[in-house]
């Protein structure tokens, strides 16, 4: 042995230790092993790195800001309201151009409501009664319009009537129109401007074509092939691409999702990162069941007459709510996921070697021979001078 | 040696090389090693794969759309406003049924405001004055209601008054009511419809029970055990489940979060993926300090009198804002995370072997012996015929 | 060999097998190998664990709730509208204090519109005409204000006129003011309260300083160094920090993003997790092109005259939209990513050994010698008693 004490130990730190290998000249196992190695290499290079981009760090938290603007004008003529011209300031709720907005396609107006006593609507279950005692004074009508006064109003003695209530009278009675009043909203156009950023990579982009042509955005319309950077869509087209019919949906209302997907490979050029639009109806699960179909809500416009008394117009609107959902991910080369995937690949190689070892040592004809070559036996009561062999025989000194 | 030149090299590529092992018949280290192997295997199988689902690819970017609808009617009677019936069209702001909405529980109304000159409120620090010079003409009152006119209005010479301002007069003075005016909003019910999708897996679902029963959703109420798919909640229950009292919260207002968590294992059946509701008060950090407690804002309703002059009603509303926060993740089997976790487990096995090697080679009694067996010394000036041994002695040819 | 049959096999399971190593006393390769090992160790410890925090599990899905409140009063005086005092109830749309809100900085009012027939605006391309036949009766004016009546109105025979339309008359004509009418909105202040939680770790925090001082939040203003926990910002400062000028932006409007980033190491103290504010203009890509610059929308206020006839005021508002975008991530120690990164590091060590092996076996002077020492040849037709040597020669017993 070389050296003494610390010096020897220190020098031995710089000895290079390498595993000893046994060469088994068995072509079958050798070919199988090379084949396994090639398969694992092909998997790592082609599947993990090229297809799944395993060398990239991925960010899925996209920051998005959406601005929308509707255009289109429509004229309606109803019995209660007469003629009315609807512009975006009327049928878009809310009007600020946000990413969630509602387009009125159908409505029921109950004008000139004032506070007072009148009969509850017969369509409210809790408002029905046969005797005065059914209407407890001061009690709120469940899912109704007012507070019960204590009297039951009915046409004649034997019929079922409804409670008299203190509420905004007359109570809303209109039957929902069968045809959507604003059915021609189908021709309205929406302009969607989407600005996104991936903060982890400091990358940001917008979906609008940079152009010097003032008139381009005023005349173009979205087309997947010819005008992919003109984010102006016709409402009827959006509903059609979602797989539904605008006129049918417009009767009771519904909910449409406009999905904007940004799938960006930031190792490529800036211009390669573009949005992909898709459309789906979001209240679809209930399209067959009538329990939760449609979309409607109510709002009221308040006025004061010359006497200073308040009166209001109650409007129940049905319509299509558009939800613009922006999602996506960006990937960029990063050393850590690369190392992790390479490391896992190397571990797989080790598993491949383990598998071939099994075949060599246990399954082929000469397995016993190779086992003896691979595993060197040691006995702890032998002297240091033993020559290693399969059965540890001693060579006696002559 | 086999062959010559290229042919020999080519054939040698298909030789199978396997590491040579030394068998140390030391039962203690052997048992320890098997134990370490079992422990690592148990960790991989039980913790990584079964508990943490390490074989799954996870998506955390859930796409969500929420539609809400409130029901309930309430009657109020105040000095300034008189009697008023409040329906969802009045107390829900905004009325469209979005995922963030505000319920009015308390309010201060200042009706019949017209533009003119009047005294600033004494509660505004920057509006207080003792002399006219304190009120610079044309200057805006900081956190106040109007523009200073230059005069200081006070009751008598020695007291402190407030600046005269040009503003909507009379200025809002009302003290906040101690009892919430719409306190019975506690009984209102909210219906939350949530549609989610995980775009990476093309999976989508809604939280509403598919049913043919028209009346189910009109009568049921959420119950964790009996009606988990009836997303209709009573407002008072929501605040109670968040750990607070509705009546206390309703005085100054607050902010409640309704969390809907979707934790889906997509390797299981579609029906196994269900939402979990939880509730929390979101402005809770300030509940103890009065600096930022409560939630209020103001809006104005504009009217014109017969002369065409504009007047308005200023309404300061206090209430509870509900934020519906949808989050979750979906997991599905994928080969890449499986390989990565298996690979890391195998690397751990290697660490286990390294640890047992340390014990065998340095810590037990026969460690020197095993070290000599494991490490085969080579000297670079010896001939090829040397027999390997611990001290590299030559066996002379007799 | 020890034992027979099953007992022997069972005992052999507890034999400890360790790889056999060959010590090559080549200091150059040994030093190189130690250097490679140190480099890999330094990479793992310093880069993966300390810098990139590879021992942590990361959650990127932050749950956030934002409440905002504007303060500031302004006086305007225009030809159409006269004097008007604007408070937050007037210029903030919507007024509820949500995370997306719009501040009016400029506007065009068209008061006293009633339904009737009048000329379309000459600025609408589809409304221009030379003959009556250009205005098809009942047709909607594309991007216009009403429905064509069939007549073309023009000053004299040879000029171009516009179609007569049925619409809210008079049609909006006003030219956009060159100076922003509410330019002094620059001095308004916004208070942003942000509550976040990381559900995976059950961690939640707010960005407002907990204080017993009632007056702190009424007087402080955000300062990066001195008052980092006072989230009250002056609008002009926000636009300036975003790199733009408020007065310029206020003419046509625009979109500003207020980014609140929470980057939390949950292994540290609770007080170390604080938000970082940054500001950017979101409609910036179009700042140079006039095609999509600015931000505006329209809304209408409806009134009824004593006769019950409806008239309205159409308001086109320009302004700055503020989007508060909250994002972030939290990391906490977790055994699984630690193991994965350690495992990958160990696999790298193996690659380092492979690299040094290449040098030892093929590149240095004594490479042939070391190759023979490392790879032990076996021939499958030799008897078990062969002594292993480079060329497998038999030593005959004398």
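Yeah, the Cβs are placed from backbone N, Cα and C, and that goes for glycine too.
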TrEMBL annotation of transmembrane segment - which of the ranges C:319-341, C:342-364 it falls on: C:342-364
Nearest of the recorded positions (C:70, C:135, C:187) to residue C:152 (disulfide bond), judged by Cα-Cα distance: C:135
Surrounding residues of the transmembrane segment (C:31-49) on its own chain - C-beta under 8 Å, 6+ positions past either end: 55, 341-342, 345, 348-349, 352-353, 355-356, 359
Close approaches to the transmembrane segment (C:342-364) from elsewhere in its chain (Cβ under 8 angstroms; 6 or more beyond its ends): 24, 26, 28-29, 32-33, 36-37, 40-41, 43-44, 48, 370-371, 374
Filtered binding-site residues - C:69, C:71, C:316 - keeping only those with Cβ under 8 Å from chain B: C:69, C:71
CB contacts for residue C:264 (disulfide bond) [other CB atoms within 10 A, all chains]: 23
Span of C:69, C:70, C:71, C:189, C:296, C:297, C:298, C:316 around ATP - largest C-alpha separation, Å: 25
Candidates C:118, C:129, C:135, C:169: member of the disulfide-bonded residues with the richest Cβ shell (10 Å): C:135
Subset of recorded positions C:220, C:273, C:297, C:298, C:316 within reach of chain A (CB-CB under 8 A): C:297, C:298
Residues that sit under 8 angstroms from residue C:189 (ATP binding site) by C-beta distance, when 6+ apart in the chain: C:70, C:71, C:72, C:221, C:232, C:233, C:234, C:235
Nonlocal neighbours by CB distance (under 8 Å) for residue C:69 (ATP binding site), same chain, sequence gap 6 or more: C:88, C:97, C:190, C:191
Nonlocal neighbours by CB distance (under 8 Å) for residue C:230 (disulfide bond), same chain, sequence gap 6 or more: C:209, C:216, C:217, C:220, C:221, C:222, C:223
